[in-house]
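TrEMBL lists 126-425 with the feature domain 'SAM-dependent MTase RsmB/NOP-type'. What TrEMBL records for Cys234, Ala235, Ala236, Pro237, Gly238, Asn239, Lys240, Asp258, Asp285, Asp305 is S-adenosyl-L-methionine binding site. Per TrEMBL, compositional bias 'Low complexity' is recorded for 429-438. The feature region 'Disordered' is assigned by TrEMBL to 429-466.
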Amino acid sequence: MGLYAAAAGVLAGVESRQGSIKGLVYSSNFQNVKQLYALVCETQRYSAVLDAVIASAGLLRAEKKLRPHLAKVLVYELLLGKGFRGGGGRWKALLGRHQARLKAELARLKVHRGVSRNEDLLEVGSRPGPASQLPRFVRVNTLKTCSDDVVDYFKRQGFSYQGRASSLDDFRALKGKHFLLDPLMPELLVFPAQTDLHEHPLYRAGHLILQDRASCLPAMLLDPPPGSHVIDACAAPGNKTSHLAALLKNQGKIFAFDLDAKRLASMATLLARAGVSCCELAEEDFLAVSPSDPRYHEVHYILLDPSCSGSGMPSRQLEEPGAGTPSPARLHALAGFQQRALCHALTFPSLQRLVYSTCSLCREENEDVVRDALQQNPGAFRLAPALPAWPHRGLSTFPGAEHCLRASPETTLSGGFFVAVIERVEVPSSASQAKASAPECTPSPAPKRKKRQQKAAAGACTPPCT
């Protein structure tokens, strides 16, 4: 199924209440779920505008075989999107016959409403806020390439590399074909907002991972050395798992659990494209995994990113307008599950370090869960100081909460996020490794801005553009 047909199917499913956008995207079997999700969300955001333009232009009367949801996706792509991808095929030809009329109707609608920009046609609740201006963050997949070669690749494509950023103001100033290296994350490149790299050859080859800045924190702070055994407790869709594999250099073992078979199938595709070979996927509830199972006796590291309200996700308002604040009942249920999962993770006998994270802004899912779990394990675990240079800290709801990290569009130019690093106070006697300390996360040298000479070695990390 093509991108546009898949997007139309998701929109039809949402309208008939068959599920949420995210759920229907994952069940569509379309390979590039991020591309599909972005197209559906943007089409949905402009739904009322597109309906008005399509009706005024008489598109469905003229093209009687064109279904309404497909028409909406195609008109969005023609008038408001990036243009038809992959050439557009027959859809580009079909819309081409009506292009002049559709553009005229969009212009007439702007005049009628007294606006000049497309986004000013949106209802207030649908207009882009700070999240729409977030930079495009791109993690270099070191299983397949390296930052120096990716930087050179983009420079050969006409991009201008600005070196390592010194502040968030450098992010805000990005325009056009300029890009930077994140000041705290050594493999994270930063491009201007709305930069679309879904069709870029390095992304399609698995050399680049499109991942939000805050979402890169959990694996980086867990920092398992090569050869370690790691549990990724709630693993799908897999970006953090691929990041763990890169840190492990595919040496060691990742046990990745998730209950959603369709999300696991998409995750398997993502991991294969990223070159991950050290991961064992299991369609299993992490709460049902026995810490006494001999398979997990060497697990020293656990990443726990459980289901949450998603109140920090920039795309959430597109999917569910007004969904920024979950109900007290939903928060209570989510926090209960999160606390059970965290307390269960802390019972693994050889655990040395755990990272707990959510994409929620709610205290009940974040500081409160961590506080309660530590109180249930008095003297056994502690919050480790994490990334002192990070500007947004945990809420001061209990002693030590400042060691936690928070993120938001306003303070870190990323999605909303929460991260806590928990360490065992005493390493169990059965553990074979020495106690690990929290990673200092000292930035590595930035790739040089000066154009380096072309590598002569046959093993260069990034292949030529195809």
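Every residue gets a Cβ built from N, Cα and C, even glycine.
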Are there residues of the same chain, six or more positions away from Cys234 (S-adenosyl-L-methionine binding site), whose CB falls under 8 angstroms from its CB, and which are they?
Phe257, Asp258, Phe286, Leu304, Asp305, Pro306, Ser307, Ala341
Using Cβ-Cβ distances, find the residues under 8 Å from Ala236 (S-adenosyl-L-methionine binding site) that belong to the same chain and are at least 6 apart in sequence, listing them in sequence order.
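Within the chain, Ala236 (S-adenosyl-L-methionine binding site) has Cβ neighbours under 8 Å at Asp258, Asp260, Arg263, Leu264, Ser266, Met267.
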Compute all pairwise C-alpha distances among Cys234, Ala235, Ala236, Pro237, Gly238, Asn239, Lys240, Asp258, Asp285, Asp305, the residues listed as binding S-adenosyl-L-methionine, and give the largest one in whole angstrom.
19
Do any residues at least six apart in sequence from Asp285 (S-adenosyl-L-methionine binding site), in the same chain, have a Cβ closer than 8 Å to its Cβ, and if so which, in order?
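Result: Phe257, Leu259.
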Restricting to the same chain and to sequence separations of six or more, state which residues have a Cβ under 8 Å from that of Lys240 (S-adenosyl-L-methionine binding site).
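Once residues fewer than 6 apart are set aside, Lys240 (S-adenosyl-L-methionine binding site) is near Ser215, Pro218, Ala219, Asp232, Leu303, Asp305.
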In sequence order, which residues at least six apart in the same chain have a CB under 8 Å from the CB of Gly238 (S-adenosyl-L-methionine binding site)?
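When sequence neighbours closer than 6 are ignored, Gly238 (S-adenosyl-L-methionine binding site) has Ala256, Ser266, Met267, Leu270, Leu271 within Cβ distance under 8 Å.
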Average the per-residue pLDDT over the domain 'SAM-dependent MTase RsmB/NOP-type' (126-425) and send me the rounded value.
93
